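Annotations per TrEMBL:
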type: TRANSMEM; residues: 20-43; note: transmembrane segment
type: TRANSMEM; residues: 72-92; note: transmembrane segment
type: TRANSMEM; residues: 104-123; note: transmembrane segment
type: TRANSMEM; residues: 129-150; note: transmembrane segment
type: TRANSMEM; residues: 157-178; note: transmembrane segment
type: TRANSMEM; residues: 208-227; note: transmembrane segment
type: TRANSMEM; residues: 247-274; note: transmembrane segment
type: TRANSMEM; residues: 286-311; note: transmembrane segment
type: TRANSMEM; residues: 317-335; note: transmembrane segment
Amino acid sequence: MERTHARPERPCGLTRRRRLAKLLLLAVLLAAVFLAGTMFGAVDVSAPDILRILLFGQDSGVYTTIIREVRFPRNLLACMVGACLALSGAIMQGMMRNPMASPSILGVTSGASVTTYIMYLFFPAASSLIPLGAFCGALATTFLIFVFAWKGGLNPVRFILSGVALSAILSAVNNILTIRFPDALQGMAGFMVGGLSARSWPHVRMILPYFLAGLALALLYAGKLNVLLLGDELAVGLGVNVDRTRIALIAVSSLLAASAVSVAGMISFVGLCVPHIMRMFIGSDYRYLIPASALGGAVTLTFCDMVGRVVLRPSEIPVGIILALLGAPFFLWMLREREV
């Protein structure tokens, strides 16, 4: 694989203890954001009421339903979706050694969305298999990108451009399906912008096994991602089967991205922005970057979902729109400040 033009990461000089302390800080921040997301919405609920409902089983009437059946599962889902997207982006960027790689830019989420639409249209009874179908679509999309980008080697610029082109085609397919089957897909209107409205425990149970499997595999491959950052030739010299490792990482990143898309729709910028922020915060060692990206993605999506619920309440802004408003300026800054 050819070298990218990304500026090398500066040594951060962080000790293991400081990195672990930063991971703990992220975990505390996630707990605080999770609590805030449970408190605030169209109707505010105080923290003591939340603790009484969740920890002591106290029945507070309508508040009990709001907390147990709406906000708590929705926040859990936001955490898992955000973690999945951030992990997928971190893996893609390390695997390709390209700071522009992310599931949304490369079209992986578009491929997952097409198969999700097809599953909803033709196999509505198999809702529990939707993440698996989305995974197949994401994997097929990534394979096609490799086919189009390969020309005597894998050029990173060609890889990105192939993903952008394929993403446009797949988005057109989504639009065609929406026009052709308007009644069947009426409930999917918010899918293309990405959102967590009307999500509850069934969606949590649907994504949970795929999230846990993807997280475990990402942690398992953290060491090999560190080796891949050194370059293919050096990685081979250190005993890593580069092609086999890259194929496995493609599968893991596709699984994570597809899991998120299957329950939350087309959410952009988390997979691109969060890994960059975490690198600046904790360094580029994937043994720490993987858990940091998962925590950072969870914090980002949970916070943005809360903002979308309260900024125009009682109306709600889909979290995908909030992330686009915040992520696009960061993307432009990255293009200006980094040599990509």
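Positions of Cβ are set from backbone N, Cα and C atoms, glycine also.
Please situate the listed features within the shown structure.
Long-range contacts of the transmembrane segment (129-150) within the same chain: residues 103, 106-116, 118-120, 123, 158-159, 161-163, 165-166, 170, 206-207, 210, 250-251, 253-255, 257-259, 261-263, each at least 6 residues beyond the stretch ends and with a Cβ under 8 Å from a Cβ of the stretch.
Remote same-chain partners of the transmembrane segment (157-178), defined as residues 6 or more beyond its termini with a Cβ less than 8 Å from a stretch Cβ, comprise 96, 98, 100-101, 104-108, 110-111, 113-114, 117-118, 121, 141, 144-146, 148-149, 151, 185, 188, 192.
Sequence-distant contacts of the transmembrane segment (286-311) (same chain, at least 6 residues past either end, Cβ-Cβ under 8 Å): 19, 22-23, 26-27, 29-30, 33-34, 36-37, 40-42, 74-75, 78-87, 89-90, 94, 195-196, 215, 218-219, 222-223, 225-226, 229, 267, 270, 273-275, 277-279, 317-319, 321-323, 326.
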Give the nonlocal contacts of the transmembrane segment (317-335) in its own chain as ranges (CB under 8 Å, at least six residues past its ends).
78, 99, 190, 193-197, 264-270, 272-273, 276, 300-301, 304-305, 307-309, 311
